[in-house]
Amino acid sequence: MSHERPPRNDIPRNLSFIAALTERAYYRSQRPSLEEESEEEPGEGGTRPGARSRAHVPGRGRRARSAPAGGGGARTARSRSPDTRKRVRFPDALGLELAVVRRFRPGEPPRVPRHVQVQLQRDALRHFAPCPPRTRGLQDARIALEPALEPGFAARLQAQRICLERADAGPLGVAGSARVLDLAYEKRVSVRWSADGWRSLRESPASYAGPAPAPPRADRFAFRLPAPPVGGALLFALRYRVTGREFWDNNGGRDYALLGPEHPGGAGAAEPQGWIHFI
């Protein structure tokens, strides 16, 4: 019994080959963008260009990989290693000038951008201490105060129970006096003052200086204060305590103010801690 020879193109296929074809068909259906790798079919005289591509054997083929999760065609940033060489480009290599020359004329000031001026001013101010704020009451300050010579002084004294009589700022300090109504034998008079616009304050007692001319019936108290600060003013108010009550004279809420010298060594200047005490 003769067996017919199978046709030349009818090549028996094993299970591994069929499984590889099935796998490639599955990946091609899921990701059509993946390109098949063509393999040249060898012939008798060598390779034939344009031959039909054949599927790879799983052991020799290249398995498809999933596309990046960030989206198709997205390139991930390449990290540089410490050994990566960096390139430096100078402006002249790009057709630019290496230096910019600017000419300034004495009669034409340079044009500095606004943001540069602000930065320069900010840097310059950091080297200086903050300026002290303008002392309160400086615009109303005087070298000498004499309320007793003003009209209506007796009426004010009768209403307030205490009034400033006079105050003078000298090179050794402030000398002043006050009048208080004689409401009782025991009475206490003091002066509350500040040299920094009431950010801090002190209180100095006044001493009895004898009876004051009538009317009305009153007593006189004298006080001493330090000299006003240079370029500032000394603010003060009078306090009167008698029979458990308290009365104030603060110049109608504006405080009394004595002006200090404009420059060190000027009129009215004194040592910072210069005090004059008397009994």
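Each residue's number is its place along the chain shown, starting with 1.
Backbone N, Cα and C define each Cβ position, glycine as well.
As stated in Swiss-Prot, the feature region 'Glycogen-binding motif' covers range 176-198 out of the listed 107-129, 176-198, 199-221.
Per Swiss-Prot, the stretch carrying the note region 'Substrate-binding motif' among 131-139, 248-256 is 248-256. Range annotated as motif 'PP1-binding motif' by Swiss-Prot, chosen from 87-90, 147-150, 171-174: 87-90. Nonlocal intrachain contacts for the region 'Glycogen-binding motif' (176-198), taken as residues 6+ away from its ends with a CB within less than 8 angstroms of a stretch CB, comprise 132-137, 145, 148, 157-158, 161-168, 204-206, 209, 211-212, 216-226, 228-229, 232, 234-243, 247, 249. If you look at the motif 'PP1-binding motif' (87-90), the same-chain residues 6 or more away from its ends with a CB under 8 A from one of its CBs are 98. Among residues of the same chain six or more beyond the region 'Substrate-binding motif' (248-256), those with a C-beta under 8 A of the stretch's C-beta atoms are 136-137, 140, 145, 160, 162-164, 167, 178, 235-240. Secondary structure of the region 'Substrate-binding motif' (248-256) per DSSP, as helix, strand and coil residue counts: 0 helix, 3 strand, 6 coil.
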